[in-house]
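Data first, discussion second: the structure below is written as structure tokens.
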Amino acid sequence: MLSTRTAAVAASASPASPWKLGGRSEGGASCDGCRTYRNTLRRRAAPAKVRALPPRRVDAVAMVSNAETETEKEQEEAAAASEELPVMPWATSVASGYTLLRDPHHNKGLAFTEEERDGHYLRGLLPPAVLSQELQIKKFMNTLRQYQTPLQRYIAMMNLQETDERLFYKLLIDNVVELLPFVYTPTVGEACQKYGSIFGRPQGLYVSLKDKGKVLEVLRNWPHRNIQVICVTDGERILGLGDLGCQGMGIPVGKLALYTALGGVDPSVCLPITIDVGTNNEFLLNDEFYIGLRQKRATGEEYDELIEEFMSAVKQFYGEKVLIQFEDFANHNAFDLLEKYSKSHLVFNDDIQGTASVVLAGLLAALKMVGGTLAEQTYLFLGAGEAGTGIAELIALEISKQTNAPIEECRKKVWLVDSKGLIVDSRKGSLQPFKKPWAHEHEPLKTLYDAVQSIKPTVLIGTSGVGRTFTKEIIEAMSSFNERPIIFSLSNPTSHSECTAEQAYTWSQGRSIFASGSPFAPVEYEGKTFVPGQSNNAYIFPGLGLGLVISGAVRVHEDMLLAASKALADQATQDNFEKGSIFPPFTSIRKISAHIAAAVAGKAYELGLATRLPPPSDLVKYAENCMYTPVYRNYR
């Protein structure tokens with residue numbers, strides 16, 4: 001369940017015991033042998049002895065209650081060592097002492113008080129100093145800034161997440177603008193490329209072809225039962241970097257870290273998953289450190305059967321209200337999966353729907369600067385994949401709702417260019433299904449420049465994944481027939497961006513309204529400083545996810561995406577516009593996410609898709625109260 005602010009305050013005032021349930025949540029199912037084994041341990045645990053001893057002697061209780069078996073265990077282990085037989089990996093049932101310091105959910109580093117150190121057998125296991133959470137954040141930031149490369153900072157942050165979860169999230173929330181590029185894009189792309197080399201402690205859950213027929217058992221191995229948000233990838237299209245196979249795990253791990261830090265979703269209800277069906281990346285297949293299956297990527301029936309088993313197992317094990325976010329699937333699977341499961345599961349594709357929602361928000365905000373409506377603009381895209389067609393469809397949908405015109409007519413305002421040129425009606429026979437709605441009557445054009453000159457768009461959007469394709473002549477052409485050309489260079493990472501912020505402002509003589517997918521530094525042009533907006537999906541998906549969770553939504557509806565876009569656009573202020581930015585600053589992202597969550601939840605209640613009844617009277621306040629707050633708790 002989501003923590004509430006009230007509960008967080010109560011928790012900080014009322015000490016709690018750092019329970020550790022043997023590596024599995026108490027409700028977790030397992031094989032008959034394991035259940036028998038745990039039941040035997042419970043029978044030996046002698047409740048009367050537990051009540052007879054002081055509360056702080058929990059570890060002593062465990063030792064007393066199992067004293068009768070200690071010699072037996074030692075004999076078994078000695079025999080196993082000599083005979084090379086398997087041994088039972090014994091673990092304490094309460095996080096205390098050495099174990100507590102290595103439990104990321106309960107570890108507080110040097111913030112354990114003197115009383116906690118005595119009560120939980122930490123005396124001598126820590127240096128004498130007691131440092132507050134705030135001071136530990138200051139210390140870690142000082143260390144982080146001394147690293148020379150973004151990847152070093154990424155590794156340090158991931159190590160912190162695996163050792164002190166609350167410090168990790170507090171650090172990220174308090175320094176979100178500085179740390180976001182290291183936790184997610186663009187650094188996460190390099191991390192995925194080198195994931196095998198930097199792999200330490202495993203994060204998330206791996207489902208592979210080896211698990212076919214046993215996916216439900218794999219899900220049961222995860223220690224938490226109350227999962228509400230899953231981010232899953234098959235690693236075939238990681239950012240703009242292509243097929244990284246099993247090493248794509250960095251994406252769902254990073255994505256869910258942002259669900260928590262930016263959207264306030266409790267980390268214990270989040271589950272990152274990678275589905276490993278092989279890879280066609282020859283470099284990885286020949287890399288001795290590659291962590292995935294060493295085989296070509298499965299396709300067709302074999303692939304579909306594993307995905308179907310996975311989706312069925314998730315719904316069976318976690319219920320209908322668990323959000324499944326598809327992440328970085330290749331085009332040929334992404335659209336099919338979204339269409340197939342959107343009617344039976346709570347599913348969301350960030351590459352298609354999340355990108356579209358944040359770009360639509362940027363356009364709505366940009367129109368506040370230039371005037372006019374969505375229907376009065378002409379849109380030209382470079383790139384016709386998941387992102388490009390997803391954005392185009394949401395724009396057409398919003399135009400349709402604003403004008404009451406058929407969506408087929410509204411699509412005619414939007415033009416797309418792919419690797420073969422302008423998508424036109426004469427190409428329909430060779431087009432992929434998701435491109436066909438955008439094939440309009442026009443003469444064939446081979447280049448983006450020709451398309452710009454012919455169509456004369458007011459909005460130019462790049463989702464091609466190919467860097468430096470918005471050339472000087474293209475931006476100058478855009479500026480020649482638009483007083484304020486709107487230019488979105490959305491491809492990630494930075495090296496793949498269609499143009500830089502400096503190029504957009506310089507080549508348009510400071511007149512363009514610019515946004516990018518990757519962050520760019522402020523640009524000075526003729527005495528004015530422009531702060532480029534980052535059209536980052538992280539503006540949308542954390543708040544969207546929170547809204548779905550707090551309302552108990554059972555399906556994602558397109559109207560929820562439109563509501564999220566409008567809520568984000570409303571957060572941009574005149575002060576942002578004067579600096580050239582169409583997005584609000586990330587420093588207020590939790591406030592932004594609360595408003596987006598409220599808008600999404602409100603739409604869920606309006607559409608009859610919410611199950612948490614009755615609806616709260618103040619959805620914004622309710623969303624804020626439901627947000628996870630990563631402050632250290634006191635332990636009794």
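The chain as shown is numbered from 1 upward.
Any Cβ shown, glycine's included, is placed from N, Cα and C.
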Additional site residue, D304, D351 [criterion: listed by Swiss-Prot with E327, D328 for divalent metal cation]: D351
Select from 1-28, 29-56, 449-476 the stretch of residues annotated by Swiss-Prot as region 'Disordered'. 1-28
Taking 8 Å from the centroid of the Cβ atoms of R237, D351, N492 as the cut-off, which other residues in that chain fall inside it around the NAD(+) site? I238, L239, G240, D328, E386, A387, G465
List, in sequence order, those recorded positions among Y184, E327, D351, N492 whose Cα sits within 10 Å of the Cα of E386 (NADP(+) binding site). D351
Looking at Cβ-Cβ distances, which residues of the chain lie under 8 angstroms from E327 (divalent metal cation binding site) while being 6 or more apart from it? C231, V232, T233, I251, P252, K255, N349, D350, D351
Nearest by Cα to L380 (NADP(+) binding site), of the recorded positions Y184, R237, D328, N492, is N492
What are the sequence-distant neighbours of I395 (NADP(+) binding site), meaning same chain, six or more residues apart, C-beta distance under 8 angstroms? A356, L360, L363, L374, Y379, K413, V414
Nearest to Y184 (active site, proton donor) by Cα, among D328, G383, T389, A392, N492 (binding-site residues)? N492
Residue from D328, T389, A392 whose C-alpha is spatially nearest that of N492 (NAD(+) binding site), among the binding-site residues: D328
Per the record, NAD(+) is bound by R237, D351, N492: how many Å separate the farthest pair of Cα atoms? 12
